[in-house]
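S.K.: OK, TrEMBL features for this one:
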{"type": "DOMAIN", "residues": "B:79-263", "note": "domain 'ABC transmembrane type-1'"}
{"type": "REGION", "residues": "B:1-20", "note": "region 'Disordered'"}
{"type": "TRANSMEM", "residues": "B:83-108", "note": "transmembrane segment"}
{"type": "TRANSMEM", "residues": "B:120-139", "note": "transmembrane segment"}
{"type": "TRANSMEM", "residues": "B:145-165", "note": "transmembrane segment"}
{"type": "TRANSMEM", "residues": "B:186-219", "note": "transmembrane segment"}
{"type": "TRANSMEM", "residues": "B:239-259", "note": "transmembrane segment"}
Amino acid sequence: MSQPTTVEPGATGRGDHEGPGRGPEGRAPGRAARFTASRRRPGAPGIGLRLLHVLALPTLIVGVYWAITAQPGASFYTPTPAAIASAFADLWFSERFFVDVLPSLGRLLTGFAIAAVIGVGLGVLLGLDARVRATIEPVLEFLRAIPPPVLVPLMIMLAGIDDSMKIMVIVFGCVWPILLNTVEGVRAVDPVLSDTARCYGISGVTRLRVLVLRSASPQIMAGLRLALALAIILMVISEMFASSSGLGFAIVQFQRTFAIPEMWAGMVLLGVIGFLLSSLFELVEGRVLGWYRGLRAANRGE
Amino acid sequence: MTATLQRPQPGRFAPRRPVLSRSAPNRPLLGSLGIIGLLALWEIAPRLGAVPERYFPPVSEVLTTLAQRATTAPFWEAIGHTLYGWALGLAIALAAAILIGFALGATPRLRAFTTSTVDFLRPIPSVALIPLAVLMYGTDIRSTLLLVVYACFWLIYIQVLYGVADVDPVAEQTARSYGLGRLARIRYVVWPTTLPYLMTGLRLAAAVGLILSITAQLIIGSPGIGAQITNAQQGGAVALVYAWIVATGILGVVINIGVRALERRVLRWHTSVRGEVAV
């Protein structure tokens, strides 16, 4: 009887991830496999074809967009790529980068870091103790279900519109995926490994470091990845809603003053930041989870 | 969990207590205790002056406000607006992701051309589109839809791609040798393989879609819960802001439970769900 109820939240926590044991753990193993496969196959596509794969569609899209917007009757709201590029260079390669972009990034990373520390710390505590977990799980389920943007108005009342408000919003939004994934990861520590560690007298901090955090790390990383995407969204929202500086504020300002190419330049910069941060995260994840990928690949017999 | 129970504890004659309690804590009881504890704390702390009552109204006041509002039509209208944007956006994203995901997943040659574009577009935060949505659609529902669809589409699409790629080659070849046509293979081989992935994507997208639906109302000001919260905040009605936050929390929980129930129903044939029920 108790079994379905104990498994059910398991599915929930990992629901923030990719799928309860059905899907591949995260997307990267699949991708890694694809890459190695294409490298090893005798008839693998040459460098030229691969370049074509990467560049063809983006070129086509930009080309078509350019052709449409360059016509005399084109909409005022869609400037040509050339106009956007020049606005981009003028705007962000100036002191605005230090006034608007860097503080935004600082808040983003601060909030994300705080959320990571709280999420992993609390997650380990909850994951290790079933009683505490059972007590506070319904409360967490509720808090997690609150869409974080609704807290922006509240935080403004509590903390004003300064940095601490934005950081609080980011922390509150990001902490849930990290927390829940950590709980699941810690809970799912292989009991054989756990007993082995106990037999060898491994306990305390060492046990935490070499057993618990290590075996939970794939899940923790999955939670962190989701949280990072959320952090960017929340950073922008908190700045758009009420602020006097920052990237989100700047973009809204451009939109209200109908500085259309500048607005597009801001949107492009946001896209670039999102892309760079997620690439960076993938790099870090690859290093942290290298052992795990290797293990999985070995298990699959590759 | 059961494995922990059955396994003999090396070097111990009696099972240690923590192992037992880890296997079977009284979850409903402890869970209610947790909720009651939170409510009590929320009620007592402002009353004792531990936190400023002006900014943290006690829970009784918040819930009374919520109950009062829940009898008025604008309350349900706002929720209706939010849910409408959420559901429609999610449906569009789902349909598009299934169509494009199956089409591209089935033709690896075409897919190779789209990978770079997808990898670039996917991490773009959907809120970056807010200014564009405002310019093109104003406070219309289409602004909300644009954000919700953009955010949800990638989540589901990526899952569909993995699902389609996960088809068991033996099953595929078996289906071929039994003479199943392309459509029949999609129906009986590819679709069931993809479905668990699809449901995972849907579950993630349902939560994110609600976030963006409310975000659009907060920032763009289209009617719905977000706009109501903005009004309450600007009017200084602190208890009302809390009441709305509680309401969105409840809405989120209901959506989570609904999607999970749907998932269990759709996948009841799947081992991951069957296994749970069988034990």
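Every residue gets a Cβ built from N, Cα and C, even glycine.
Any TrEMBL annotation is an automated prediction that lacks curation.
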S.K.: Is the transmembrane segment (B:83-108) packed against any residues at least 6 beyond its ends, judged by a Cβ distance under 8 Å, and which are they?
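M.R.: Residues 114, 141, 144-145, 147-149, 151-153, 156-157, 160-161, 163-165, 186, 190, 194, 198, 201-202, 205-206, 209-210, 212-213, 216-217, 222, 224, 251.
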S.K.: Under a Cβ pair cut-off of under 8 Å, which of the recorded stretches B:120-139, B:145-165, B:239-259 contacts the transmembrane segment (B:186-219) most often?
M.R.: B:145-165
S.K.: Using a Cβ-Cβ cut-off of under 8 Å, list the residues of the same chain that are 6+ residues beyond the ends of the transmembrane segment (B:239-259) and lie near it.
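M.R.: Apart from its flanks, the transmembrane segment (B:239-259) reaches 57, 61-63, 65-66, 69-70, 75, 79, 82-83, 202-203, 206-207, 210, 214, 225, 228-229, 232-233.
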